[in-house]
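Since the structure comes first, as structure tokens, the remarks are kept for the end.
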Amino acid sequence: MSAAVEETFGGAGRQPFALTAAGIWRNGLLAAGTWFLAAALTYGLPDVIVWGATDAFAAVMLAGAGVFLTLSVTVHRLGGLGRTLVHYGPWFVVLGLWLAAWEVLTAKLGWLPKPFFSPPQGLLHVYVTDWERLLICVAYTGRLWGLGFFSGILVGFAAGVALGWSKRFAYWGMPLLKLIGPVPASAWIPCTFFIFPTTFHASIFLVALASGIPVAILTAAGVGQVNRSFYDVARTLGADNRFLVLKVAIPASLPNVFVGLFMGLYYSFAVLVVAEMLGAKFGLGWYLQFNTAYSAYANVYAALIVMALICAGLVRLLFLVRDRLLGWQKGIL
Amino acid sequence: MSLAIAESPVSRSIALDVEAVSHRYELDGKELQVLDGVSLSIAPGEFVALLGPSGCGKSTLLRLAAGLETPTAGSVREDGRPITAPDPDRILVFQDATLFPWRTVRANVATGLEARGLLRAQAHRIDEVLRLVKLEGFAEFFPHQLSGGMAQRAALARALVNDPKLLLLDEPFGKLDSLTRLRMQNELLDLWKSAGFTALLVTHDVEEALLLADRVIVLSDRPASIVAEVRVDQPHPRRRDDATLVALRRSLLEKLGISHDV
């Protein structure tokens, strides 16, 4: 047993192909077991309070168990996708256990009570009944976030290059940036109401500010740190200032810029709730506030999970862009 | 190879005149004099080596000749015109290859052409130069994938593609292992002969100076001034155990303040 546990929890790194000789994916089998356990507990034990989609959740878990059971013998035929699945095998096993424990502690024992906690079927119920509204919220938030984030990083990047390149710009700009940087987004709300024609513009500004400031600071630092000899070399080769900025300073500071982009991405998500306080009719941030006000915490959790998944997806996307642009760094880092 | 295209070597090199140059740096509020009344004339196509203790100001002289700085006093002139700004006719090769790490070898070599807007017209020269420094198989490599010698060759190619009339070399082989260094010295000599540029090499390696240069100039400790000048008339290729060179080496070492027992 302990050997099996060791293989499940400590084995992913050392054994990328945790397949036995017979071609059975052991972790897939274990995941099927834990998911089936969750399904059985959900279906078999009575709920202390009535929740929405108990049977539906049991069905989902059962289906999951079936999928893992099938995968445990077929995963090695799936190539790259199969390798990824095998890599995350231990996670699937634990996920089943975690869902089972969550189910028991909330719906079956009531130790984590309503309305502060919700069993998994409560969240599932939200997705099943409120998916249309959630989808609209995702679209609204996507529009706000997209406009805010991209305008923010664009301005932040340009300001950062200017701050890092020009001493005069840095003299006036750096103290301002250091003052503005730590001001919380909500403190801007009174000003933004006055400055911007609509609350939507004000919201965009808040998201842009949150994402732009880390980009500006890190870009400025990156441009300032560029090895002086690179400039000397480029100048002796006939480079003008334009070339020095575009072809030397900017590429040399890109690793820093990406650190700023990652920070800006996280901050921009954190500020969404505040930004959607400003008279928004839809949006994930708005959805969170609205349902918090009504103590509909299941809806809050459901929306939080959607937000977290979107953020994680965007981070992954940004990693892909970075690896593509900074391939030359391999071996340096 | 085909670098000297239909042009005579003389027009492809320049004379460098350094006249009574003194130079000071400001460092933490203190003035640091690095050059003190240095005068020297280098004929077109000549290969001159500057020899001196480390930190004596040799590199500063190169930076002045490259036009990266202007001297505090005195003048530096190319073919009689004062040098005030960098120009691709005068190219500096550093001790570190200082290749741009985000550019492939080909893009690094192309930098000078690209900066001057000549890339389209002269792109073929990149392959020529890469062949010349034996890096034709490494054009798409990134600098971190190169060995020290290859990186320094790439840096040379990046300079040569601009057809420099004056090549300023700041201890270019200082960080290479001794075998690579010997090979690179010969390659540099071949390039100099075929391309015909004027070369000014800074080094603290007496043998390197004697093997390569027409003339070796010995500088004093900081602030640097010229303490000796030795003409080397031996034809190339030179052997390091040649009796004349051995004698010259001994006298140069003595001028650098190192006894003849070394």
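Keep in mind that glycine also has a Cβ here, set from the backbone N, Cα and C atoms.
So that you can see what the record holds, here are the features copied from TrEMBL:
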type	residues	note
DOMAIN	A:138-318	domain 'ABC transmembrane type-1'
TRANSMEM	A:24-43	transmembrane segment
TRANSMEM	A:49-73	transmembrane segment
TRANSMEM	A:85-105	transmembrane segment
TRANSMEM	A:144-164	transmembrane segment
TRANSMEM	A:176-196	transmembrane segment
TRANSMEM	A:202-223	transmembrane segment
TRANSMEM	A:300-321	transmembrane segment
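Residues 23-26, 28-29, 31-33, 35-36, 38-39, 42-43, 85, 92, 96, 99, 103, 107, 110, 114, 118-122, 124-126, 128-129 of the same chain lie 6+ residues outside the transmembrane segment (A:49-73) yet bring a C-beta within less than 8 angstroms of a C-beta in it. Proximity of distant same-chain residues to the transmembrane segment (A:24-43), defined by a Cβ-Cβ separation under 8 Å and at least 6 residues beyond the stretch ends, is recorded for 4, 7-8, 18, 54-55, 57-59, 61-62, 64-66, 68-69, 71-73, 75-76, 85-86, 89-90, 92-97, 99-100, 103-104, 107-108, 120-121. Only residues 6 or more beyond the boundaries of the transmembrane segment (A:176-196), in the same chain, are considered here, and those with a CB under 8 A from a CB of the stretch are 159, 163, 202, 205-206, 209-210, 213, 216-217, 220, 271, 274-275, 277-278.
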